[in-house]
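Trainee: According to TrEMBL, the record shows the following:
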- 41-132: domain 'Ig-like' (DOMAIN)
- 140-232: domain 'Ig-like' (DOMAIN)
- 244-314: domain 'Ig-like' (DOMAIN)
- 319-385: domain 'Ig-like' (DOMAIN)
- 391-478: domain 'Ig-like' (DOMAIN)
- 483-575: domain 'Ig-like' (DOMAIN)
- 582-680: domain 'Fibronectin type-III' (DOMAIN)
- 668-691: region 'Disordered' (REGION)
- 685-782: domain 'Fibronectin type-III' (DOMAIN)
- 787-885: domain 'Fibronectin type-III' (DOMAIN)
Amino acid sequence: MLFLTQKHFVTIFVEMFLTDSNGGHIFVGGDVCVSGHNSGPVFEEQPSSLIYPEGMPEGKVTLSCQARASPAAIYRWRVNGTEIAFAEDSHYTQVAGNLVINNPQNGRDGGSYQCLAINRCGTIVSRVANLKFGYLHDFPPESRSPQTVHEGAGTFLACQPPAHYPALSYRWFINEFPNFIQPEGGRWFVSQVTGNLYLANARANDTGNYFCFTTINMDISTKSIFSKALVSFKNKKQTYALSGQTAQLECFAYGNPIPKIRWRKVDGILPPKVGASAEGPTLIIPELNFDDEGMYECEVYTSEGRETHQGRVSVQAQPEWLQVMSDSEVEISSELQWSCAAAGKPRPTIRWLRNGHNLALEDSGMYQCVAENKHGTVYSNAELRVQVQAPDFRLNPVRKLVPAARGGQVKMECKPRAAPKPTLFWSRGTELLTNSTRITVTPDGVLWIYNISRADEGKYTCFAENYLGKANSTGHLSVRDATKITLAPSNADINQGENATLQCHASHDPTMDLTFTWFLNGVLLDLEEPNGHYRRLEGTIGDLLIVNGQLSHAGTYTCTAQTVVDSAVASAKLVVRGPPGPPGGLLVTRNDDTSVELRWSHGYDNHSPIGKYVILGRSSQTHDWKRMRTDPANIEGNAESARVIDLRPWMDYEFQVIASNILGSGEPSMPSQPVRTKQAAPTVAPSGLGGGGGNHNELIITWTPMAREYQNGDGFGYILAFRKQGMPTWTVVRVPHVESSRYVYSNESLSAYCPFEVRIKAYNKKGEGPFSQIAVVHSAEEEPTVSPRRINATALTAFEIQVSWDPIQHLNINGTVLLLWLQIRYWRQHEREAAADRVRTAGLESMARVTGLRPNTLYHVTVLAYNSAGTGPPSPRTTVVTKKPPPNRPPGNISWKIVGSWVTVRWDHVKSMDNESAVLGYKVLYKHEGQSSLKILEKSKNSITLPLPKDSGYVVVEIRSWGDGGDGHVDCKMIQMNVYLFYLIFYFFVCQCN
């Protein structure tokens, strides 16, 4: 990645200023900026560049500018570097900090605008906002000449857009708006660079009037126009785009068939974010970054050939801050260095501003660092304040009570506020402290006391002094007993899954609290985690319980006993024994067609010797790992190699090795690099050998294509051998390609349905495999030449007919009887026979039923014989009229009565309408409770008497009318209601509707 940076420093030597009685800074010739009360301006809103539509009447533009400051800022504006004067008759107006430009005009108001925010603490300048004017002129009024193209050839129509700013978007429509042209699978393409319409190959229906439709988008409005009617690759180029934006590369070609397009990155991988655009005429690269820079290639291809062209994408970036300055308060007479670093492409230049002007290194104020290149400008702001103050301990006194442990050391700090930096020294009582073997006073005022004893207790005072005054602050040193470990943890050794206890006890000063913490290899342990492996041993405060120890828990445990003044530590080692770690460095050192040799290195034995190894493997055709057969069959724990056997030739494999010991099996090694076994001749024959059917004079042979794992090598194909049954010689053919699954043998002399003996074997470039078992396949049949005679059709119900015919004579070819099948065709009056429905039945049948018909309807019926070669001639046609439909009303008023061990069920008669078939009786479908078979009783009366069994009731399923038209309807809701009432008495009846 190329990302150019620029880093600048400004060093400010802070000089002496006058100070008022409140501690504020007094600037010669200016107001006072009071430290702690006032602050310089900080922008909250800055003006943004915009494009204004040229010629818009009575419009206005508002450029925003608001800053946070104390006291409040006042605002000024510059245009093209010149300050704007706000007169009464001016078209400029200032509202708060915002600049309003009334009735903007090109030539007068276009340019670069900047806002200045000012208060007594300083001045800052905003970023530059450019006001530009957008326009889109009309297309020329002249008509364009018609354009002619031959059918199948490619062409383009030039848009030739009028003058405009900014860039346009383009669409085309044909004949009338809004009939916009669609891509049509890549046949059409509209360039968003030139606006031209490209056509891969012309068709007759493409003739028409074409219009180029252009749209311009501005910040305030949108404008669209279209042209008068209108009746190849680009050369390699370079595209520049800004980081974070979207780049579009275009590519189109003429051709028939329509060329397909795909993109690649020549010097890298095409980023996934391009999505589906990688397979189209416009490659869209969103959110550009420097990794996207490079050479891109467009490839167009058809079945006739391919062609490529390349273009480079160069990514640039506007300035971006890497390091900015921040507000600073410094002492008088001190030195301050501010750093300012920015990145961008091209490399940004950096300049400095103070109070809105080029930097002159003097005084307090508002400072700005400006980084800019041709793509933009960024600003960083900071306020510099100079402090002048006598020493003062009120905000940061010496600690009043400083505890320390005997034999240890203590640190006492002295940090008063003062400017310039004060002189610091310490005393104990009247004794001035100086550096010795037990006492150190550092230049920045820190007092260190070593090897502390009870005699060091007492008051210690820090004195601070500069030319503006002096101050002091006192603290008391209190000496406490030291903390000591009285029972240290001992080394431990456990198996994985076991518990371990590490003890830790300590003595300490009774006036202070004691806490225990534990570390594993220097990392603090969380003893409060719910269900964690680490806990405090119940009844103690220092002992550690390790629950269900794992291999990762092995290491050095450190106990820390700590008070606020000191601490003591003790350590112990924990060994966790477990299954071995994964072996490393797994390599395939040699391979042949059915075996490979593997080598590996021992992993960690985890304190228990490795007993054996197991090898797992998987092929490219499987996803699950399985144990492989090896030589030797049992691999000892000291081995570092083995041979995997019984593999399939020309197959890709991966392998893993697992080590085991008496505590179990460990994690598998990293998979080996995929390895392909060497090629060998096929060892099995294809399966699924069969065939038959086809056209006259054809023998069709089919089989199941060989799976990848049985091919054993490339150059794969099939060898077929076939002969007429009883003949001595075989015809042998080769069928290339592994996907092949059928072979068609044609011969004018081939008789119909002739039996052939067929066998098949596979081959590859290493040799041929074994033949399969012989299968018998017949050549194609001939179409039937006979048809059934004397067919008859009878209506059974309103929805069903029965068709019967005389049996037909089956063909006898070469001593083989060919079984014909029959097809019944039926269609309604006024329908065409071509739209007839069909029912098929075996040729041995002489009768069939057709269901699902319409009631009271005339049907035409014919019967045809058919076999695999096609259908024969139709039989003579007959007609039949289906019967009227049954009544669509169910039996009503169902009731029942129990007399002794009998129950009588009654219902009202169903009366049929004129367009319905007459009711001949009723059907009662029932079954005993607990039985699965139905019983059907047909009754001409409207009642039925049934015996009641001793141990169970009845389940009544249906009561419905019947007649010539078929079975009538049943009202489930009514019967269920009555059955429920009956259940309340003794027995349970249910209606179940079909």
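Cβ atoms are placed via backbone N, Cα and C, with glycine included.
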Trainee: Considering only the recorded stretches 140-232, 244-314, 319-385, state which has the highest number of Cβ pairs under 8 Å to the domain 'Ig-like' (391-478).
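Mentor: Ranked by Cβ pairs under 8 Å, first place goes to 319-385.
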Trainee: Give the residue counts of the region 'Disordered' (668-691) per reduced DSSP state, in the order helix, strand, coil.
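Mentor: Tallied per class, the region 'Disordered' (668-691) gives 0 helix, 4 strand, 20 coil.
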Trainee: Any chance the domain 'Ig-like' (140-232) and the domain 'Ig-like' (41-132) are in contact, meaning at least three CB pairs closer than 8 A with a sequence separation of 6+?
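Mentor: Yes, the stretches contact each other.
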Trainee: Under 8 Å between C-beta atoms and at least six residues away from its ends: which parts of the chain pack against the region 'Disordered' (668-691)?
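Mentor: Those are 582-584, 586-588, 591-596, 598, 600, 603, 616, 620, 625, 647-658, 699-706, 710-714, 716, 718, 742, 758-773, 775, 777, in sequence order.
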Trainee: Counting by DSSP, what is the helix, strand and coil composition of the domain 'Ig-like' (244-314)?
Mentor: 11 helix, 33 strand, 27 coil
Trainee: Per-residue pLDDT averaged over the domain 'Ig-like' (140-232) comes to what?
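Mentor: Here the mean pLDDT over the domain 'Ig-like' (140-232) amounts to 81.
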Trainee: Run through the domain 'Ig-like' (140-232) and tell me, per DSSP, how many residues are helix, strand and coil.
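Mentor: Per-class counts: 3 helix, 33 strand, 57 coil.
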